[in-house]
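The structure under discussion appears below in the form of structure tokens.
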């Protein structure tokens, strides 16, 4: 769902984190994007500290002295979720990646080659046909189940809803919430899915669901998020990308009736990290059955160096809403940003855990902390934060609903309990240096092949529209000059009435600001968000 600020401001460093030189180099081509060093065993902190350069140790010690509470030692990995795996006979479909990899075809040169690229032999997918009448979430055809990686004991939960309109021809959309560590079932029941959950646990129909004109897959990832589970962990974005490619490959192989339609990846918040990597992973496979046509990122975190500069303006009345902080607090943030920027630049240059973790902890405390301490909602600058730690009571209602035995049985969930956000995962990603890595560097490669939409509700603080617009304009790509010349134009529902936002577009790149929308645009502006989706999928901005 969102960037979890409680983990942002705590960031408790554990007794074991990644070694200093676990470096993720960003690719000149999709095929160069590899998991690489991230698959290596984690070292103990005490051992890894011995490898630090003097400069890196000085930075680490400096930030640790500033925020000692953020460097308390704690268990790095959470305990695995209790679960009970269902017998294969309880599933309607099971497809194995090894069977797909054994399919060979003859190419135009007469040579034999695999029909589909990728390392799939360790994966399988189990599917259950969900009876729409049992839960009443929607009347459309639904499937749920797990992608299994048997070698690493990873099990990712998904829930598919067919389009309400014309499923044989309508696009297919994958939705990803952020966190990292927040369930995409939050997006299903709070934002863009077929129904929401009321305070008393009832189902409420959503007329603006994104499956109005598209089939939608909601995926709980990485492992140990939502209904997903594993005895191991995924603590960086690139590692998670391999699972997404496998899931989609197996899904479209099992259900070829959806494979010919256009496919799009969408998400919000930390999905600003996920989506560039996941899309590039898909595009790196030239022989694939995934018809990826575009990506959509809402209120995302993609380029920290550019985006963190805009926390002070947003908090101090320059983002279109009244100031939350007073003059002295704003001045303190002005003074803090140069150090923050320097730390992020070090992270960008080295992509090292020992540079990126201090950057995350310093910048989050200095640039987000002053705002959060006011009690104002970081996801909506117009409101105070509610009683829930993530500011929305609806999360408690959704969590209670998804913990009902009859709900878990209906969708085939195998874990003992559901939680909306797993803060251990949030911390793990931060402590692997993933938070501040320059994922925007992947975007030019995407733009060379597919359209990219960056949209933002204008009332969000945590991933605000100022920063999102700024990074799209700062991005170096062949179309940068023309994109920056493009004017912001009114965005209207059906082209009529008052503007619900402003949009600029050039080539394959589009930025859209939604008026009076917070971090979760479909929650605050459901009609505008559906209009945005439908027009985007129709190619209005990039055809």
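Glycine residues also receive a Cβ, built from the backbone N, Cα and C atoms like all the rest.
Taken verbatim from Swiss-Prot:
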- 269: active site (ACT_SITE)
- 460: active site (ACT_SITE)
- 519: active site (ACT_SITE)
- 182-421: disulfide bond (DISULFID)
- 316-330: disulfide bond (DISULFID)
- 340-363: disulfide bond (DISULFID)
- 347-356: disulfide bond (DISULFID)
- 385-391: disulfide bond (DISULFID)
- 122: N-linked glycosylation site (CARBOHYD)
- 213: N-linked glycosylation site (CARBOHYD)
- 508: N-linked glycosylation site (CARBOHYD)
- 1-17: signal peptide (SIGNAL)
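Of the listed recorded positions, namely 122, 213, 269, 508, the sparsest CB environment within 10 A is found at 122.
Taken residue by residue with DSSP, residue 356 (disulfide bond) is part of a helix.
Measuring Cα to Cα from residue 269 (active site), the recorded positions that fall within 10 Å are 519, out of 330, 385, 421, 508, 519. Sequence-distant contacts (6 or more apart, same chain, Cβ under 8 Å) of residue 316 (disulfide bond) comprise 323, 324, 325, 329, 330, 333. Counted within 10 Å of its Cβ, the other Cβ atoms near residue 347 (disulfide bond) come to 26, all protein chains included.
The secondary structure of residue 316 (disulfide bond), as reduced to three states from DSSP, is coil rather than helix or strand. In space, 519 is the closest of the recorded positions 182, 385, 391, 519 to residue 340 (disulfide bond), judged by Cα positions. In terms of C-alpha distance, the listed recorded positions 122, 363, 421, 460 place 460 closest to residue 385 (disulfide bond). Looking at residue 519 (active site) and residue 460 (active site), their Cα atoms lie 5 Å from each other. Each residue contributes its Cα atom, and for residue 421 (disulfide bond) and residue 363 (disulfide bond) those atoms are 22 Å apart. Nearest in space to residue 347 (disulfide bond), taking C-alpha to C-alpha distance over the recorded positions 213, 391, 460, 508, is 460.
Spatially close to residue 356 (disulfide bond) yet at least six residues away along the chain are 347, 350, 433, 434, 435, 436, 437, judged by Cβ distances under 8 angstroms.
Classification of residue 421 (disulfide bond) by DSSP places it within a strand. When the recorded positions 122, 213, 460 are compared by Cα distance to residue 363 (disulfide bond), the shortest distance belongs to 460.
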